[in-house]
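**Q** Sending over a structure as structure tokens; questions will come in a sec.
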């Protein structure tokens with residue numbers, strides 16, 4: 001037979017949620033704008049990490065400034081607090097556009113130690129990462145599917161070296177480079193004329 005005096009145990013997480021809801025509805029003074037806030041649910045809550053009184057409007061501006069400086073790990077603005085803001089818990093408060101910007105900055109900061117470039121196509125400019133390592137040259141943008149040179153960060157200069165790619169003048173030069181690459185023509189390292197191997201050995205003496 002059960003004890004009638006025993007009370008059902010409550011979930012600690014639900015208790016914490018109730019406490020947060022009650023504290024967010026209480027009047028407070030924002031430590032950034034030093035303005036009294038009396039409207040309910042205007043207090044910014046840092047995912048139960050810290051409980052410093054900041055209004056949502058000030059925190060949105062604070063996060064915007066940090067993201068403009070490409071800072072992904074954003075600390076609580078309180079001078080005596082070492083806790084960081086949680087992007088997922090801030091999502092509902094800061095809106096989708098600012099949250100997407102935060103995610104982009106987080107991704108870029110995670111790739112700081114990796115070899116990466118932006119697609120030179122003006123209509124794309126997607127971030128491309130050299131995940132395989134090594135000395136990458138010819139590359140296909142995963143976003144716009146266009147070829148470009150990973151080394152010199154321009155459109156793919158078929159048949160030309162990186163130091164020669166800036167000398168391309170017209171479509172004929174580009175077309176000839178594509179043809180020489182497809183035919184596997186080799187260039188003399190001195191005069192840079194193309195040579196096609198028709199027959200015989202691979203040793204060629206430039207004229």
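Including glycine, each Cβ sits where the backbone N, Cα and C put it.
In case it helps, TrEMBL gives these features for our protein:
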COMPBIAS  1-17  compositional bias 'Low complexity'
DOMAIN    26-207  domain 'RING-type'
DOMAIN    30-77  domain 'RING-type'
REGION    1-20  region 'Disordered'
**Q** Reported in the order helix, strand, coil, what are the DSSP residue counts of the domain 'RING-type' (30-77)?
**A** 13 helix, 5 strand, 30 coil
**Q** Within the domain 'RING-type' (30-77), what mean pLDDT does the predicted structure show?
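**A** That stretch averages a pLDDT of 86.
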